[in-house]
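According to TrEMBL, the features are:
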- 34-97: domain 'Ubiquinol-cytochrome C reductase hinge' (DOMAIN)
- Cys43-Cys87: disulfide bond (DISULFID)
- Cys59-Cys73: disulfide bond (DISULFID)
Amino acid sequence: MALVDAQGMLKDKMSDKVMPVVKAEEAEEEELVDPQQALRDECSQKPDAQNLWGKYQECNDRVNSRSNTAETCEEELIDYIHVLDKCVNKDLFKRLK
């Protein structure tokens, strides 16, 4: 037995039982926070990370003040990121769901 729905489409009662229609609720979703970014923000405030960030900034200022130099601040940046990642990795997996 076939029915006609509001749009004039044929609708079969058996197909409704086999393939149910699911309507999404319109509740507000909780905004997700990246735990890694939150930990990076916390770890960047620690003294050892602040010290390395200062060294990187000094190097960056020195390089930017020169018009022709082969110096890069790669080593200082890698040292800073290494300390930051080491701090983050201690607690990151505890916070993941």
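The chain as shown is numbered from 1 upward.
Each residue, glycine too, has its Cβ placed from N, Cα and C.
Where the annotation comes from TrEMBL, it is an automatic prediction and has not been curated.
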Close in space, distant in sequence - Cys59 (disulfide bond), Cβ under 8 Å, 6 or more apart: Glu71, Cys73, Glu76
Cys43 (disulfide bond): tally of other CB atoms within 10 A of its CB: 19
Which same-chain residues, if any, lie at least 6 apart from Cys87 (disulfide bond) yet have Cβ under 8 Å of it: Leu39, Cys43, Lys46, Ala49
Secondary structure tally of the domain 'Ubiquinol-cytochrome C reductase hinge' (34-97) (DSSP, helix then strand then coil): 50 helix, 0 strand, 14 coil
